[in-house]
Amino acid sequence: MENAHTKTVEEVLAYFGVNESTGLSLEQVKKLKEKWGSNELPAEEGKTLLELVIEQFEDLLVRILLLAACISFVLAWFEEGEETITAFVEPFVILLILVANAIVGVWQERNAENAIEALKEYEPEMGKVYRQDRKSVQRIKARDIVPGDIVEVAVGDKVPADIRITSIKSTTLRVDQSILTGESVSVIKHTDPVPDPRAVNQDKKNMLFSGTNIAAGKAMGVVIATGVNTEIGKIRDEMVATEQERTPLQQKLDEFGEQLSKVISLICIAVWIINIGHFNDPVHGGSWIRGAIYYFKIAVALAVAAIPEGLPAVITTCLALGTRRMAKKNAIVRSLPSVETLGCTSVICSDKTGTLTTNQMSVCRMFILDKVEGDSCSLNEFTVTGSTYAPMGEVHKDDKLIKCSQYDGLVELATICALCNDSSLDYNEAKGVYEKVGEATETALTCLVEKMNVFDTDLKGLSRIERANACNSVIKQLMKKEFTLEFSRDRKSMSVYCTPNKPSRTSMSKMFVKGAPEGVIDRCTHVRVGNAKIPLSSGIKQKIMSVIREWGTGRDTLRCLALATHDNPPRKEEMNLEDSSNFINYETNLTFVGCVGMLDPPRIEVASSIKLCKQAGIRVIMITGDNKGTAVAICRRIGIFVEDEDVSTKAFTGREFDELSLAAQRDACHHARCFARVEPSHKSKIVEFLQSFDEITAMTGDGVNDAPALKKAEIGIAMGSGTAVAKTASEMVLADDNFSTIVAAVEEGRAIYNNMKQFIRYLISSNVGEVVCIFLTAALGFPEALIPVQLLWVNLVTDGLPATALGFNPPDLDIMNKPPRNPKEPLISGWLFFRYLAIGCYVGAATVGAAAWWFIAADGGPRVTFYQLSHFLQCKEDNPDFSGVDCVVFESPYPMTMALSVLVTIEMCNALNSLSENQSLMRMPPWENIWLVGAICLSMSLHFLILYVEPLPIIFQITPLNVTQWLMVLKISLPVILLDETLKYVARNYLEPGKDSVQPATKPCSLSACTEGVSWPFVFITLPLVIWLYSTDTNFSDMFW
């Protein structure tokens, strides 16, 4: 039924053709069941495990690797001789990598799907209905309830469907609907129509929503929606419709993968075509097909070389390390890729209650009457310190500390606060904090009594548990609470009837009243001044109301409560407590005692965090279900708005936002910094508009209602105290519910991205080198310098360790002084691409050169000519060009070992180059990142392991090297540092002359300026070693003449 909240009870009952006392007939139930189906949320049809697994292989690079593995497997099957076993190692290793990557991917996807399932925990098992087949109420399964059913709910019940209340069977009906609307206090319901068809859920006071809890009272109502048509069902539909966006990094890697796969395909085809002329060479037994297969194997090796297999593992490790660092700062990251997305967050949409504020109501101001002269009066105003539920704080008057026991008015005010109250404080030993038991407003009054300590109770030596309610206990010992007149909407107040514990002629029964100031003061006839009772004149009333109005608006927007007493109420026997409409008659002739002003105070550290966000170019938007006045006041307090800023185009209520045209809504989202009185659908809309401006949005939320927006935003942030649905729909959970934690996480995200850029570039330059190596050997006609199983070892293990260590590079000091990076900026710019191409070409040439050195110039080598080496496939005993050459030498493991050792050593040097994008190694020595030094040592140790420990050399087709050969490896490898230092110098001084450059690039640099910041220990250690290395004899020059 649409807009049931606007209709009268009679209209709703007539619509369903049902009688409130008898309920639906079985015939009606059957028809309605057929029309509307079961009252349950359908189980989410998630992807099957097989679908999820197949999805992981949709990536182009993964497909190329899979193809390479299949081809390698087929070729290994037909391999003959000794190599049969080693031939199977390569496809097996590739498949192992792919399986590991797929497992990680499937696990992450599965996590994302749990959010929709978690909604089911809010479905009640049973419901109580009236139907015509039975005279009394009957319990049935909640899933069998249909629209039109008459349902009964009582305290503790979970509401089984969306219900229009028809009658309330208790004084009041309070409902905790925080999971749906985010309201922190329970809501009082009624049966009157709410005439506004566009009312938000918070304002539908005559409705009960499925999944919410009855906090107090008992009621009956008619079901108006079941299953997916309920408010919680609509949230489920919205979540199902929300597709997870890929993170900026995932998009970058997808683009990179596509480009790389095109390049790989081209290079593989090129290598194959270049060598068509060699297909018939004698070494292939003159068989064209064998020759084609041989070069096909080389093309497969190329594909394996070009793909950075280690990249997914290194990225996952780096992000996992990042999540551990974030967890220490109370940010628990649920989805690894979102760690990096945090780094480019440009807008943070934050909830007010509990995130920007403490969600711990506290009294900060109060007043009593000081003097009354005729029609005018003066007030004693006090301020109270302390912004949490901890019972510690001070009371000040005119900025001076005072003792509350010296003011009779304050003693009476504290008495009313303690007795007209059903809440208390509790010390949670596990968390080490004081918590509320009961309503937030009443707990604030309990806490105020503790801070006032009006009877000067000795609090020293009390344990924290005893301290929680010590002062309240003293007051409660003086008087006994007989009964409570519950709060009702018509009088907007509640009261307690108390009798003295020690009866005497002077002490008598009293009624203590608290409530909304305008309602209570209208029923007051006197005011309390000290111990005296003075008639309330219109002048005094005006003065009191003007102060209350002032407190309720402006910067503070305090929630004010008036406190009053009835000095001689009727005897309890004379009072009719059955009918709550009589209560107002007993709360008349009151004496006004004082007023307290309370608020949910901002967290102390939030203002500095918002300042940091402004420096970092991040816009903070407050989104709250609270009213606009309070929201704007808090915004001014914490720095989202400056003190006297005009907010007419920067703060909107949900209603105001809906009334704007689409273009105006879009414009509002571009400038607004505060949205008040919003519903969940508004949050999703705001996220959509922000995404249309290419903003990367972080959205906080804690209720079920926030789940769709959390899922839609790039970074959904749930509160640690929030619902399971919100947590499972989010990417990150704030363990301490604190806004400042988000800012710390953004800073960490930025640092992680910078480090990630470094190691992605490092790994890619390594792959470029491998591709160049294989391309050169094929183009020059040399024997294979590297085989796929060696390439996999380098890509995964020896490169993987330093790449992971680069994730520990220290963050830049000015990381939060820069605007958020553009998520569309390329991972590798044009200049950087040239740099890595240059480095890669050197790596490839050096690797091939090392293999050629063994053939042409090494002492223990065959010392063949360049021609013989480049035409080795024509080597036969009867070929005059190869007289005196044993053709078996071309299958020796030495050249491969030289090539692999040079590749590994160059990569270690390259890791040192990656310590900083543009900073010289002489200024940023290796020990700046001690993890990197350790990783390089470990990688070299693993390389020695495969060289010198049996049977590993057989698997990798390599052999141990002697000292001369190792010296040659170092000679060929070290120049890569010089090459990158030159490229860094060009970048620093000519392409990106920024803060680092001491002198303008045009002027020659003076010696003192050039050597400033140089790490002399590094220079003194490395220079003699380099000079010694290049002075040793390794027949290097014999290669060239």
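Just so you know, glycine gets a Cβ as well, placed from its N, Cα and C.
Values in this document were obtained by computation on a predicted structure and should not be read as measured data.
Copied over from Swiss-Prot:
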TOPO_DOM  1-48  topological domain 'Cytoplasmic'
TRANSMEM  49-69  transmembrane segment
TOPO_DOM  70-89  topological domain 'Lumenal'
TRANSMEM  90-110  transmembrane segment
TOPO_DOM  111-253  topological domain 'Cytoplasmic'
TRANSMEM  254-273  transmembrane segment
TOPO_DOM  274-295  topological domain 'Lumenal'
TRANSMEM  296-313  transmembrane segment
BINDING   VAL304, ALA305, ILE307, GLU309, ASN795, ASP799  Ca(2+) 1 binding site
TOPO_DOM  314-756  topological domain 'Cytoplasmic'
ACT_SITE  ASP351  active site, 4-aspartylphosphate intermediate
BINDING   ASP351, THR353, ASP702  Mg(2+) binding site
BINDING   THR353, GLU442, ARG489, LYS514, ARG559, THR624, GLY625, ASP626, ARG677, LYS683, ASN705  ATP binding site
TRANSMEM  757-776  transmembrane segment
TOPO_DOM  777-786  topological domain 'Lumenal'
REGION    787-807  region 'Interaction with PLN'
TRANSMEM  787-807  transmembrane segment
TOPO_DOM  808-827  topological domain 'Cytoplasmic'
TRANSMEM  828-850  transmembrane segment
TOPO_DOM  851-896  topological domain 'Lumenal'
DISULFID  CYS875-CYS887  disulfide bond
TRANSMEM  897-916  transmembrane segment
TOPO_DOM  917-929  topological domain 'Cytoplasmic'
TRANSMEM  930-948  transmembrane segment
REGION    931-942  region 'Interaction with PLN'
TOPO_DOM  949-963  topological domain 'Lumenal'
TRANSMEM  964-984  transmembrane segment
TOPO_DOM  985-1041  topological domain 'Cytoplasmic'
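Contacts between the transmembrane segment (897-916) and the transmembrane segment (787-807): present, as 3 or more C-beta pairs lie under 8 angstroms, all at sequence separation of six or more.
Recorded residues ARG489 (ATP binding site) and THR353 (Mg(2+) binding site) have their alpha carbons 25 Å apart, per Cα-Cα distance. Highlighted: of the candidate stretches 49-69, 757-776, 787-807, 930-948, 964-984, 757-776 has the greatest count of Cβ pairs under 8 Å to the transmembrane segment (828-850).
For the residue listed as 'active site, 4-aspartylphosphate intermediate', the number of other Cβ atoms no farther than 10 Å from its own Cβ, over all displayed protein chains, is 27.
Within its own chain, ARG559 (ATP binding site) has MET361, THR441, GLY552, GLY597, MET598, LEU599 as residues 6 or more apart in sequence whose C-beta sits under 8 angstroms from its own. Per-residue confidence over the topological domain 'Lumenal' (949-963) averages 84 (mean pLDDT, predicted model). ASP799 (Ca(2+) 1 binding site): 29 other CB atoms within 10 A of its CB, across all protein chains. Only GLY625, ASP702, from the binding-site residues GLY625, ARG677, ASP702, place their Cα within 10 Å of the Cα belonging to ASP351 (active site, 4-aspartylphosphate intermediate). By the count of Cβ pairs under 8 Å, the stretch nearest in packing to the transmembrane segment (787-807) among 49-69, 757-776, 930-948 is 930-948. Each of the binding-site residues THR353, ASN705, ASN795 was ranked by the number of other C-beta atoms within 10 Å, and first place falls to ASN705. The residues of the topological domain 'Lumenal' (851-896), classed with DSSP into helix (H, G, I), strand (E, B) and coil, number 26 helix, 0 strand, 20 coil.
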